[in-house]
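A quick write-up on the structure given underneath.
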Amino acid sequence: MHTSQDQNVYLSSGYQRSSKREWKPLEDRSCTDIPWLLLFILFCIGMGFICGFSVATGAAARLVSGYDSYGNICGQKNAKLEAIPNSGMDHTHRKYVFFLDPCNLDLINRKIKSVALCVTACPRQELKTLSDVQKFAEMNGSALCSYNLKPSEYTTSSKASVLCPKLPVPASAPIPFFHRCAPVNISCYAKFAEALITFVSDNSVLHRLISGVMTSKEIILGLCLLSLVLSMILMVIIRYISRVLVWILTILVILGSLGGTGVLWWLYAKQRRSPKETVIPEQLQIAEDNLRALLIYAISATVFTVILFLIMLVMRKRVALTIALFHVAGKVFIHLPLLVFQPFWTFFALVLFWAYWIMTLLFLGTTGSAVQNEQGFVEFKVSGPLQYMWWYHVVGLIWISEFILACQQMTVAGAVVTYYFTSRDKRNLPFTPILASVNRLIRYHLGTVAKGSFIITLVKIPRMILMYMHSQLKGKENACARCVLKSCICCLWCLEKCLNYLNQNAYTATAINSTNFCTSAKDAFVILVENALRVAAINTVGDFMLFLGKVLIVCSTGLAGIMLLNYQQDYTVWVLPLIIVCLFAFLVAHCFLSIYEMVVDVLFLCFAIDTKYNDGSPGREFYMDKVLMLKRR
């Protein structure tokens, strides 16, 4: 047995192999991949520069306060722009942006194709005639026609049809914090909604679907909470039902293969016994070809079934190991309950970053110098090297998002490694292994996480570029080019998945050995290759069990939704709420069960290393759980 001093040292999750193939504790951990950490910090400084530049050039004011078609920011006094009419106006009292034709949407360029003006107030009621527009201007002091047209001329000028808003003017309200007058009636955006929801064929159906969501919002919220609770419960009890799920999978595979093979031989025997005298000569050759094809199919199915049975016979112990790993993973969540909340922290961090990224993106959309377009209106564009800030910003979205996800993987790996390599008395665990793992991540391994996430970024960016090219060339490229594009996208997707799996195991090796990313990835790869059959069993059987868990949560939540929404007799009304609930349930189940899968993978790598360098003899005792000890052969 290990002494308590050894246990305390092992709690730092630091181990390395000596030349005698023994585990030797490291009292001090070293920082890994420091150059990559510095590179990541410099990259984040560049992201901050983009945000600061867009704010400093006035983009923040143009985004929040809005600006008209002549470059004037609403709600403030503006400077005159050279060679641009109607610029330099004092809009101190005109705080809202009003579009003459707000329903004219450009779906390709994602903007409103309309003249924008700064007005004092948004029309809260529909204005059907120019007389109504004139009365609104006189009563509220808010001129809705062009600056060149006085309110008294709205009904008399021949240019009023061009310089005034399109009639009828829909009732609108200001968007909170962004000072834009937006139509209240959703039917104004029916075209845009139909572009997003292709199955909606008329506005009445769209209205009914939206009303169904609004009237069922309490039920939707309750069902979302139900899916959250079910996911957390499943993570605790899945270790008890894993054996049942494996038996279900085994029985289905056996019955499916035997049934398919039996049907093929039955069809062959039936076809062979059928009298050939009744077959006309022209059909005789076809019948013989069919008989020969059935024989080939039956023989192939028989060979496949035999090979499948042999594989299942060879893999039976590996499947037993998978069940044991799921059982131990359930114990991990009992001893480390904070693991259950890991998806919340990761999601919260991603939402904060995405909110910052979107806000900066909006700033970039309104930054730059004022230029006049073909219609004589003002647009803001960035020229010179700064116009490539968009690409830098997009790369930042991918890299930093992957960095946050990698931090989660490293945190989980560190906590599970701490659990595994603590002696069998789990009372010696630190009070908060999760927080201890976060502390080690911040102090030592941020460079490793930055490097691993950058490698994923290098693969993801070309795939996204190819997907964009494929969407733009859809219907224009020839069959060969389409096949090449899809093949490249598929290959990059497979490479990304493989690298993601290798990265996760590399983070586990880093948590154990405190080595840099490349060394950890090499060590993890060697261990995985040496245990290829075990890896195959875990990734097939384990993924199937987790998939069944997701299906169980989605079906349970959907069934509860049907029962709660059944009182609404108009079934088209609760279709959209039910779809929303099921999608949310799947997302929640995927997030929670992904943590479970991560724990199983970390436990397996620890188990493989433990069995490789320890044999149970005095001084080289196993650290594994008793359940795993029975499955180590």
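Each Cβ is built from the backbone N, Cα and C atoms, and glycine gets one as well.
What you are looking at is a predicted structure, and each value in this text was computed from that prediction instead of being measured.
Annotated transmembrane segment per TrEMBL: 34-56, 219-238, 244-268, 294-313, 319-340, 347-370, 390-421, 544-565, 571-593, in sequence order.
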Ask   = Near the transmembrane segment (347-370), which same-chain residues lie under 8 Å Cβ to Cβ, leaving out any that are not at least 6 residues past its ends?
value = 47, 50-51, 53-55, 57-60, 62-63, 67, 71, 81, 84, 87, 378-383, 386, 389-390, 393, 396-397, 400-401, 404-405, 591
Task = Determine which recorded stretch among 34-56, 244-268, 294-313, 390-421, 544-565 has the most C-beta pairs below 8 angstroms with the transmembrane segment (219-238).
result = 544-565
Message = Using a threshold of three or more Cβ pairs below 8 Å, and leaving out pairs closer than 6 in sequence, do the transmembrane segment (544-565) and the transmembrane segment (244-268) count as in contact?
response = yes
Ask   = Are the transmembrane segment (294-313) and the transmembrane segment (319-340) near each other by the rule of at least 3 C-beta pairs under 8 angstroms (pairs 6 or more apart)?
value = no
Key: Paired segments the transmembrane segment (34-56) and the transmembrane segment (544-565) in contact, 3+ CB pairs under 8 A   = no
Query = So what's near the transmembrane segment (390-421) in sequence-distant terms, Cβ-Cβ under 8 Å and 6+ beyond its ends?
reply = 10-11, 13, 15, 40, 43-44, 46-47, 50, 332, 335-336, 339, 342, 345-346, 349-350, 353-354, 357, 360-361, 364, 429-430, 433-434, 436-438, 440-441, 445, 448-450, 452-454, 456-457, 460-461, 464, 503-504, 507-508, 510-512, 595, 598-599, 602-603, 606-607, 610, 623-624
Request  = Could you give the residue numbers and ranges of same-chain residues that sit at least 6 residues beyond the transmembrane segment (544-565) on either side and whose C-beta is under 8 angstroms from one of its C-beta atoms?
outcome  = 216, 219, 222-223, 226-227, 230-231, 234, 238, 242, 245-246, 248-249, 326, 574, 577-578, 581-582, 585-586, 588-590, 593, 596-597
